[in-house]
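Visitor: Checked TrEMBL, it gives:
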COILED    641-668  coiled coil
COMPBIAS  61-72  compositional bias 'Polar residues'
DOMAIN    195-279  domain 'PA'
DOMAIN    373-559  domain 'Peptidase M28'
DOMAIN    640-762  domain 'Transferrin receptor-like dimerisation'
REGION    61-82  region 'Disordered'
TRANSMEM  31-52  transmembrane segment
Amino acid sequence: MFSSREKLRFSNMTIDNEGVYKKAGWGRSQYAVVFVCSLLFMGVGIGIGYAVGRNNSNSNIPQAGDTAQETATKPPRSPHPIDTILSSINKDNIKQNLWKYTSRPRMSGTPGGYELVQILQEAWRSSGIDEVRVTPYDVLMSYPNRTNPNRVQLLTSSGQLIFQSALFEPALDSLSNNSEIIPPFNAYAAAGISEGDLVYVNYGRIEDFLYLTQNMSIDLKGKTLIARYGKIFRGDKVKNAQRFNASGIIMYTDPSDFNRGNSTYPDSWWMPPSGLQRGTVGGDGDPLTPLYPATDYAYRVKESDVSGIKIPAQPISYGDAQHFLSEMGGEEAPLEWRGALPITYRIGPGFRNSSLKIRLEVNNFEEKRTVENVIGYIKGKTEPDRYILLGNHHDAWVFGAIDPLSGTAVLTELIRVFGEMLKSGTRPDRTIVFCAWGAEEHGLIGSTEWVEEYMKVLYERAVAYLNVDYAVDYNYVLFAGTSPLLQDSLYQATKLVPNPDTSSSDKTLYDAWKTRDNSNDLEPSVYYSLGSGSDMATFYQRAGVPSIDMWFTYDENKWDILSYPVYHSAYETVYLYENFIDPGYSYTATMAKLWGVLAWNIANEKVLKFDVRRYATAINKFIGNLKTEFGAKWTKQNVNIGALESAAQNLTTEAENFHQKVQSLQATSSAANVLQNRMINDKLIQFERAFIDCEGLPGRPMYKHVMFAPSVYDSYSDNSFPGIVDTMNEIENQNATAKWEVLKQQVSIATFIIQSAANTLKEVGL
């Protein structure tokens, strides 16, 4: 995954400025309306089983609490498509896929990467789906120099070598012993040398830099920095270092975040001292064709004109980091800055022995290479021009048994099942598109270029994008981020999927999710801050396509860690997966079922289960949080928050009116009223697009979603009202008082966008 699941994890699921939402459950009256409407719409009697009944129509969507059995008095019928999906997913097939896919490193632009594209293309075509295409893009990629690998050295003033970081991760078992493994590097880090004093900057967040420069009066100009991985996107650590005029930065995996056990890989899932995290420090998409697709006819900027990372950066292991950190001088680090190495953490600058110095040497190179997406299609029978897209990426830094190939193995199995259904005559109403993206790890490149190429079509026709970057990083609980519009669709699907833990009293995935979510809410917790951590980013934040990102993960109350420990290392093998992540593949198969049921439901619902009231509730809560945090300051500066509140209230009113109208029409209209359903669905599909501002955010035209976009200081997480929150951050933390006019403009834009969204729900709206 490009920026990993190190994104902010949320235990208290309330709406705040990070975009987290505390859900309100449906009341009895609302469930009653749905129940009655279902009976009228489908024409079935009341009885044990699905609330809307079973039959062999592809467009009948089952409801929560259904079973697969018909009563003895009814004649035999063909299995419902949902039953077929649930019963057809085969764990052995997924296992075989994963072993095949992880047999060699799969980085995009390498022989292993190209081979996997061919494997996927052949498997998908043999499944029997309508069409499979490979979409290539020639883009600027970044790679390490094998003959002259990157390194970090501890030297004396005379140049004598005291210690050097490992040039490769040592093999700890047969699976991690492979000559194709790339040396440690950060993609798009500049080639060059940084030499001199070393400064420890904790996690490299903006607040860490402000503490060093303001509280401790340390001048970081020309210094080499060392930061521990976590909390924010690694690329933002490098940008912060560059912003404060450092000459280079080293990043390492501290055991406080990546090793909480008594043993490490291959004896457990914890990161060994020799393990390290590769990853990009670049932006989204091809650097040479910003905002436009990297087609053969595209204009490309000069490589020398690309605005990006200008300083060297390099990842190292915590075993190597200890050699450098243990020699550092200066004041002791604050308590919250200390990791778990057996050393005294010090800030620097420099070392206790003043004759020592650090030398960071990066020899990365950049060149144009072809990256490839694999795209499969099942054409809808009644609405072929409406798309439900399922996405995962196929590239990995090394073997990628978790990230991403557990997801790829699931996607291929799901395509096989859908292909078999197609052969038996079961075709969805709307078109389903299967996507395996290339070069996600380098910066969402394959998906970004594809969305840019088909932006106009997607903007008009895409219904939903369902992302599974990887299926499982631990076999405990479902974790999901979603557009507010897809929240109910997700809940509905989880109620139809069995709990993979057969020893539990919770029978459905929904029940297990709610139990293990550790939330006191009426519904399981989701988060709205999708960030730019995976391929849903461009769909959601630029094309305005309602999106979901989901996976199974660990118990955060048991392990308060930043991600699964061996993330992006050479030790992320199929051995790790089968012994410590998901033995038996039960949760992996459950992800295939959930993904399939969710896609099938959305592809066949006569009226989409998008509840616009969720959005209105979230927006009002976000505004309330803004008032609490900034209200007094805004009053002094005459910021017009009253208009913002008024627009939000208008949205709340129109959302409720629209919802009631939809319920009324469904209760009284004929199922054959295709035009009426299409009108409703079009409004629901376009509602997310109403929050897209074509001008983009201040200084970031690539990000256009006014409600949710990656924080300018952390691409892992979103801000709600990002233009407002980021501008206030500059005003408060960087003393940028001149930004008050920008702030007023952003509040005005948000007001306009919210009112426009309300207008889209009206019958005429003009």
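Just so it is clear, glycine is given a Cβ too, placed from its N, Cα and C backbone atoms.
I'd like to know what surrounds each of these features in this structure.
Guide: Secondary structure of the domain 'PA' (195-279) per DSSP, as helix, strand and coil residue counts: 24 helix, 18 strand, 43 coil.
If you average pLDDT over the domain 'Peptidase M28' (373-559) in this model, you get 96.
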Visitor: What else in the chain is close to the coiled coil (641-668), if you only count residues 6 or more beyond its ends and a Cβ gap under 8 Å?
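Guide: Contacts of the coiled coil (641-668) (Cβ under 8 Å, skipping residues fewer than 6 from its ends): 33, 36-37, 40-41, 607, 611-613, 615-617, 619-620, 623, 626-627, 631, 634, 676, 680, 683, 747-748, 750-752, 754-755, 757-759, 761-762.
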Visitor: Looking only at the domain 'Transferrin receptor-like dimerisation' (640-762), what are its DSSP counts of helix, strand and coil residues?
Guide: 80 helix, 15 strand, 28 coil
